[in-house]
Amino acid sequence: MTHPRPVYQFASPAFRRLGYAFMLGLLALALLFYRERTWILDIAFQTFLMANEGSLQVMVNRFGSALVQLLPLGAIRAGAPLPVVSMLYSASFPLLYLGFYALTVKVLRNDLLGWAIVLLYTLVVYDAFYWATSEQQQGLGAALAFFAYWLRFPVQEKPWMWGVSALGVVALAYYHPLIFLSFYFLWAFFALHFGRAIIGQAYLLLAGGMAAVLGAKSWLSANWYDAAKYSSFSDNLVALFPNYLSLPAHSKFLQHAFTIWWGFPLLLGIVTIFYAYRKKWLKLLLVWVSCLGYLLLLHIGSPESEHRFYVEVNYMALAIFTGVPFLFDVAPAIPEKRLLWGLGLLIALRLFLIGAHHEPFRERWQWIERQLQAQEGGSRFYLKEGQAPMDTLLMSWGMPYESLIISKVRMGEAKTLLVHPDLAPFENSLQDGHRFVTPFQTYPDSALSPRYFPLPPGPYRPLQATGQQPPAGHR
């Protein structure tokens with residue numbers, strides 16, 4: 001087999017520089033809005049655990065998440081203040097994505113997949129920027145960097161290359177259960193794009209290797225969370241048959257696709273017209289089957305798509321299904337100067353919209369701060385979920401951790417708020433006076449970090465909710 005040596009770089013280095021600028025723009029936004037990104041749900045929960053236990057917090061065998069915890073954990077071990085910990089945690093995600101981009105364009109010399117990474121983190125991103133914790137976001141970028149490596153070394157003629165490939169496949173399989181779908185899309189697309197120049201024993205082993213790792217993973221390291229998701233999907237697959245086309249999630253997605261994630265239908269339309277005009281029917285079929293099949297799988301699993309911020313991260317793969325075909329087939333047909341301006345304006349607008357969308361997430365943590373500031377005496381409070389503004393709070397399970405962090409940073413003293421639909425199961429713990437109560441677990445005060453969470457003793461009291469105006473002097 002002949003080793004393919006196609007050029008994956010733009011003639012002008014301006015593309016690489018602009019890509020760096022946009023990835024640094026994501027980093028700047030992450031630093032500017034670190035409170036909105038880290039004082040919410042999973043990241044607040046993981047910050048709480050890292051501060052108390054002093055160790056990495058890998059959930060449900062998604063080991064890739066350890067990479068974005070290294071900086072905040074290092075800050076905690078160094079005794080840094082909570083704002084620094086939160087800021088570093090927020091910055092860790094775009095720093096990882098910047099690392100994917102730099103590895104792809106500088107080391108692996110692939111501007112096209114480098115720009116696919118830029119599109120991935122901007123095109124179908126709105127809420128997802130502020131709910132940064134999903135391992136799928138990280139795994140999708142890793143998948144693009146991995147295929148940049150394979151396009152650089154498609155023959156795999158040296159043992160170390162196979163070692164990198166084996167490690168990469170295992171890492172991708174353990175990043176998130178849905179990563180394999182994007183992996184096989186990229187595998188199929190490049191098989192169609194390069195044909196015999198890339199398809200050979202090594203490339204076939206790559207596909208088989210991923211299947212083998214997925215099988216071993218499901219057998220050897222299954223976990224309760226993924227098992228529950230699979231069970232829910234299987235139940236819905238039967239219960240919703242044959243009404244798969246009438247799921248509420250379809251209409252919600254279409255509405256958001258043309259108002260918020262408009263970059264996806266824009267690229268899908270361009271790629272569709274281009275492939276139809278050039279009669280590239282197999283690629284056109286691959287793109288549409290991937291997009292529609294993927295959406296159907298997501299919507300069967302979550303037919304209501306109740307929380308947009310939660311489901312949006314799953315839609316990010318659509319940026320790969322459209323962005324990679326655009327960059328490898330459509331982009332070469334466009335004069336580079338026009339392409340540079342077009343992509344530059346597209347991503348600049350997406351970054352502006354992402355930054356402008358911070359307000360709902362700011363309102364969320366400011367509501368918590370406002371409620372705790374208004375209470376006279378006490379440090380532990382509870383509120384029934386039906387009395388809370390859930391349109392602002394989104395989900396309530398993270399409130400004990402979030403309130404602990406927010407009060408310590410903004411007020412200088414640790415306070416906590418439990419919001420739950422049914423407080424009866426916690427009645428004894430709420431009156432104990434030395435218990436930190438969460439929906440998942442009740443901790444003795446001795447389990448809390450005395451440096452970060454010195455929670456004064458005392459029983460939980462009902463929260464006296466206040467109005468909606470933010471505290472004076474606070475943004």
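Glycine residues also receive a Cβ, built from the backbone N, Cα and C atoms like all the rest.
Lifted from TrEMBL, the feature list:
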- 14-34: transmembrane segment (TRANSMEM)
- 80-100: transmembrane segment (TRANSMEM)
- 112-132: transmembrane segment (TRANSMEM)
- 161-190: transmembrane segment (TRANSMEM)
- 202-220: transmembrane segment (TRANSMEM)
- 253-277: transmembrane segment (TRANSMEM)
- 284-301: transmembrane segment (TRANSMEM)
- 313-332: transmembrane segment (TRANSMEM)
- 339-356: transmembrane segment (TRANSMEM)
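Away from its own ends, the transmembrane segment (14-34) comes close to residues 86-87, 89-91, 93-95, 97-98, 101-102, 105-106, 111, 114-115, 117-118, 121-122, 129-130, 132, 336, 340, 343-344, 347-348, 351, 354-355, 358, 361-362 of its chain (Cβ-Cβ under 8 Å, at least six residues beyond either end). Three or more CB pairs closer than 8 A are found between the transmembrane segment (112-132) and the transmembrane segment (253-277), so contact between the two stretches is assigned (pairs 6 or more residues apart). A contact links the transmembrane segment (284-301) to the transmembrane segment (161-190), because at least 3 Cβ pairs that are 6 or more residues apart lie under 8 A. Outside the transmembrane segment (339-356), and at least 6 residues removed from its termini, the chain residues within Cβ reach (under 8 Å) are 12, 14-15, 18, 22, 25-26, 29, 32-33, 115, 118-119, 122-123, 125-126, 129, 263, 331. Within the chain, the transmembrane segment (313-332) has long-range Cβ neighbours (under 8 A, six or more residues past its boundaries) at 112-113, 115-116, 119-120, 123-125, 128, 131, 134, 136-137, 140, 143-144, 178, 181-182, 185-186, 189, 193, 253, 261, 263-264, 267-268, 270-271, 274-275, 278, 280, 283, 287, 290-291, 294-295, 298, 339. Non-local neighbours of the transmembrane segment (80-100) in the same chain are 20, 23-24, 26-27, 29-31, 33-35, 37-39, 43, 47, 51, 67-72, 74, 117, 121, 132, 137-138, 141-142, 144-145, 405, 408-409, 452; each lies 6+ residues outside the stretch with a CB under 8 Å from one of its CB atoms.
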